[in-house]
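Over in TrEMBL, the protein carries these features:
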- 1-19: signal peptide (SIGNAL)
- 44-98: domain 'P-type ATPase N-terminal' (DOMAIN)
- 129-275: domain 'P-type ATPase A' (DOMAIN)
- 297-320: transmembrane segment (TRANSMEM)
- 351-370: transmembrane segment (TRANSMEM)
- Asp416: active site, 4-aspartylphosphate intermediate (ACT_SITE)
- Asp416, Lys417, Thr418, Glu503, Lys565, Arg596, Thr676, Gly677, Asp678, Arg795, Lys801, Asn825, Asp826: ATP binding site (BINDING)
- 603-630: coiled coil (COILED)
- 848-1094: domain 'P-type ATPase C-terminal' (DOMAIN)
- 912-932: transmembrane segment (TRANSMEM)
- 960-982: transmembrane segment (TRANSMEM)
- 994-1016: transmembrane segment (TRANSMEM)
- 1028-1051: transmembrane segment (TRANSMEM)
- 1071-1091: transmembrane segment (TRANSMEM)
Amino acid sequence: IITSLTLSLIHILGFRCAGEEKRVGTRTVFVGHRPVSETDAYVEQKFCDNRIVSSKYTVWNFLPKNLFEQFRRIANFYFLIIFLVQVIVDTPTSPVTSGLPLFFVIIVTAIKQGYEDWLRHRADKEVNKSSVFIVENAKQVKKHSEKIKVGDIVEVKADETFPCDLIFLASSNDDGICYVTTASLDGESNFKTHYAVRDTTGLQTDDDIDSLTATIECEQPQPDLYKFVGRINIYRSNQEPVARSLGPENLLLKGSTLKNTKKIYGVAVYTGMETKMALNYQGKSQKRSAVEKSINAFLVVYLCILVSKATVCTTLKYIWQSNPFNDEPWYNQKTIKERDTFKILRMFTDFLSFMVLFNFIIPVSMYVTVEMQKFLGSFFIAWDKEMYDEEIKEGALVNTSDLNEELGQVEYVFTDKTGTLTENSMKFIECCIDGHKYKDGISEVDGFSHTDGPLRYYGKCREELFLRALCLCHTVQIKGGDNVDGLRVNQECWTYISSSPDEIALVKGAKKYGFTFLGHEADYMKVQNQKNEIEKQRSLNLTTHFECFNLLFNSVLGKFLLFCKGADSSIFPRVQQDEIQQTKVHVERNAMDGYRTLCVAFKELTQEDYKKINDQLSEAKMALQDREEKMARIFDDIEADMHLIGATAVEDRLQEHAAETIEALQTAGMKVWVLTGDKMETAKSTCYASRLFQTNTELLELTTKTMGDSDRKEERLHELLLEYHKNTCTLRHAHSLIFFCLSYRSWTVSQEYGLIIDGSTLSLILNPSQDSSSSNYKSIFLQICLKCTSVLCCRMAPLQKAQIVRMVKNTKGNPITLSIGDGANDVSMILEAHVGIGIKGKEGRQAARNSDYAVPKFKHLRKLLLAHGHLYYVRIAHLVQYFFYKNLCFILPQFLYQFFCGFSQQPLYDAAYLTMYNICFTSLPILAYSLLEQHINIETLTSDPRLKISDNAMLQWKPFLYWTFLGSFEGLVFFFGVYFLFQNSSLEHNGKVFGNWTFGTIVFTVLVFTVTLKLALDTRFWTWMNHFVIWGSLAFYVFFSFFWGGIIWPFLKQQRMYFVFAHMVTSVSTWLAIVLLIFISLSPEILLVVFKNAKRKNHQVRNERIYHNASLLWRGASVLLNTDRLWGSNAPFAPRERLPASHRVIPSCTKKGQKVLTRGTAPIRGSRCISSAFSVSL
């Protein structure tokens, strides 16, 4: 009875957890949807389905949501109001003049954004409609992935991706082990081992797994990929329930891929948008470029100008009409009545009429041109042959064309490491034993016989001991090969797999010298030694945050040995101090070369020690509370007083030209941060190899290792933050050794800082305890980061990556950020940054699918930012300024005309000219310019990163005011030039006079030719298309004017333009005035171009003279002081590239007032007094 009541209570609580998840904080999952008692009815639980949604719109909300987003733009909303005013109020212009451009903008933008979202829908459908197999009633049922429910038992086969988060129940392996890769989650493509609870490992068929009755109690969905807490309760008939703890090693995450295992069974615990992968996605929001923000600011200015013009004209109109002789005629009784009765209303409608008359100062057609420029310009990125990768047969991809210009304004680059900077392919380079170096030059026959000096402790066996450590102290597994009598044959077919790629490299390195790892057999590891003998040794693998242990009984030596392998920072404090120095030299040299270094140590144990340690570890592993702390205390006891054997050097291969790309980005003024989920040592070595860290960079560490005791972590963090802040944020105390300045370059030598932080420390900084001393952690940390030349963040969870990006993005000045990565773990930071770039990696396309741009390799980032981004920014900045300029030229004469027509709202231009000015006459030349202009050659932009334009320089207020002044000047010239021409209204020999429409047409003709020729003057890169649209637009205007005025149009009430243009061009005075006014209008621009060219030539001549003299001085100093060996060909006067890391000059103080030059860390002798001699020479 008690058992029945307990089961019923569990069932009720389980159902309540499903309905009250947020309050309880846990959930209960019924495996296979079976109740734990046959007497209980199963009530289906309410969890979300397994659909993944990354799209933004649906069929039902596309229209209202898209319209809402578009009318958030000031210009769109403004022209909507103007259009409604023209429809409601009697205005001097037709509603078509405002409505047609507005509707065209809205439709084009909606089509473009709808197409982009349709691509996301298609990608989601591909994932949601993929086929999976679910076990129901001992049979496999094929369903779509979106149909999976929490509690379903799912079968996943080799090389398939897990469709949701699963608790691992059983696999095709008898030991209940499976191997997965999580490249799309944490960026690591290496194999990770997962385990099923031992009570379910035998359920290897559909019938067996369907007979399982169990419940799983676990935490509610949370985004941390490395944490999971749960418990499985297994019920058997006539037996007490069995409870087993569940941890991260039992959870198979959505997005991971099953490897080296035929199949597994798992039960779904988190589905759809509740999976850890989905929870690490940031919500999609509309990214807006800095250019669009500048446009809005400029629009506000022009709106103020527009309102001012309308107010002035309205006020002056009523001042003008206050004179009875200027008012309406006395006999118009209706006009008198309206004026007396609705005076305020008339003033308001007059104000609106003037607003409509001058509304063309706001360039709504600019948005059409900008959208077309972005959409069409994005094809140039996709068509770039230099960004095409032959390996994957793909090129660059543009998912969002709204951010093309942002590529040229990036200030911070946040990059993933694995698969982005590196190929994740490691190679064994060398090793040292007792300070003696061994490299590839030693053959397998000779073994390690080429050494100099005696070997201590074990003599010749010392080398074999080192090799055995490499073969036995790891987590490597073997895939492939034939197994005969417990031994693997056909070694050529073997594949080593491991969660750490450097372990595979070390095992291969040991195999190269005669010690071959043959695999596992139960609790034993098999090794083939140099004598081709098979050694079978019992082992116990242990792993901590910093070291990998292996406790084994060596049958050859007849002793218990504890091998330990880890980073030098972890091994050196645990070994005899007199053994460190000779190995430390090799470790530091290899680290400076960018290699991944590991140290190997060992310790002898007695049989009693072995038994005691084994019992302690077995007890600690069974603990459900504080398991990690209990095992850490055991490790502290057994890892003391070890003996150092040697060290290894492994190369993690960088992607091609990755280091050069980072160096180019830094030269361009961008700061590069590496955000990775990888270990600190591996990431640190990669940063050195990729030139992110230089040999003279002082590293500041904020990691778990530097935090020390867990009881005072926050106190220690506070101390370190204050110390680092003092070092970095005060005046740079490192003395400058040489200061060299040319007109275009300055070079100083000072201390560089680099910061290293891990995920747990970042959590303390971003989420401190609620006390006053920790409230400013984030502010101090941010100041330190911004002062460092480079930052490495390791062991980062995906959401932590996004937090870092958000923190920098929201700093003072709002710098433009860019994130680049290749896995699903990078999606959050890709979505958070201003610009997100995905690498088309080999392990999934989640990053590429959710990014704004996708490229095959990291090296393509250089051309994307320095060439494409630079040109897109220059083009669109010129486009924006040009549109405001030409519309000011267009509408200023209309404003001045009101002073000569009694403020009667009489248009200066015909309605056809008003409508077609921005749509037809002046739109194509600027569109072609914004697509094709190259003011600097692409090759030059790519090779010289210093040409990057920073801080949105072309859209600041200074250039905006210059363009505004230019537009105002030319508008005044247009109007008053023609006005003075009309002082004598008889412009023909027969005495015929020209009227107001001829006046307006002459002004409009000068206007069209001037703004078009202004663009021709700005064009530096001429193509046939530029010639076609510039001269074609002018020809089209002339043709249209003849055509429009040469026919009597039946749909027009007034034929006011009939034969006006043809009549106008018959006057010689008109031709002379047009040519003269065009020249006067363009004269400031022509003079500015001439002045700039002359100044540039003088600047080049002066630089060459200074450069030549300085080169002679430097060569003389080099001869006298013998500094050629210091600088080589990299003297400051020779190349423009950065000096190599090994040749950087850093200050080194010896005695008071004395300085020497150092190369790396060793001072160069014979260089004393060089600072004084060099300064005197200069």
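Keep in mind that glycine also has a Cβ here, set from the backbone N, Cα and C atoms.
TrEMBL annotations: computationally assigned, not manually curated.
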Residues Asp416, Lys417, Thr418, Glu503, Lys565, Arg596, Thr676, Gly677, Asp678, Arg795, Lys801, Asn825, Asp826 binding ATP per the record - widest CA separation, whole Å:
30
Please work out the helix, strand and coil residue numbers for the domain 'P-type ATPase A' (129-275) from the DSSP assignment.
18 helix, 68 strand, 61 coil
Surrounding residues of the transmembrane segment (912-932) on its own chain - C-beta under 8 Å, 6+ positions past either end:
93, 96-97, 100-101, 104, 360, 363-365, 368-369, 372-373, 376-377, 380, 875-876, 878-879, 882-883, 886-887, 890, 1000-1001, 1004, 1008, 1011-1012, 1015-1016, 1018-1019, 1021, 1023, 1025-1026, 1029-1030, 1032-1033, 1036-1037, 1040, 1044, 1057
Remote residues contacting the transmembrane segment (297-320) - C-beta distance under 8 A, at least 6 residues beyond either end:
74-75, 78, 326, 347, 350-351, 354-355, 358-359, 361-362, 880, 884, 888, 895, 898-899, 902-904, 960
Please list the DSSP helix, strand and coil residue counts for the domain 'P-type ATPase N-terminal' (44-98).
27 helix, 0 strand, 28 coil
Do you know which of the binding-site residues Lys565, Lys801 has the most other C-beta atoms within 10 angstroms of its C-beta?
Lys801
How many other Cβ atoms sit within 10 Å of the Cβ of the residue listed as 'active site, 4-aspartylphosphate intermediate'?
30
If you average the pLDDT over the domain 'P-type ATPase C-terminal' (848-1094), what number do you get?
85
Using a 10 Å radius around each Cβ and all protein chains in view, which of these binding-site residues has the most neighbours: Asp678, Asp826?
Asp826
Around Thr418 (ATP binding site), how many other C-beta atoms are within 10 angstroms of its C-beta?
28
Pop the Cα-Cα gap between Thr676 (ATP binding site) and Asp416 (active site, 4-aspartylphosphate intermediate) into the table, whole Å please.
5
Let's check the environment of Thr676 (ATP binding site): how many other CB atoms sit within 10 Å of its CB?
29
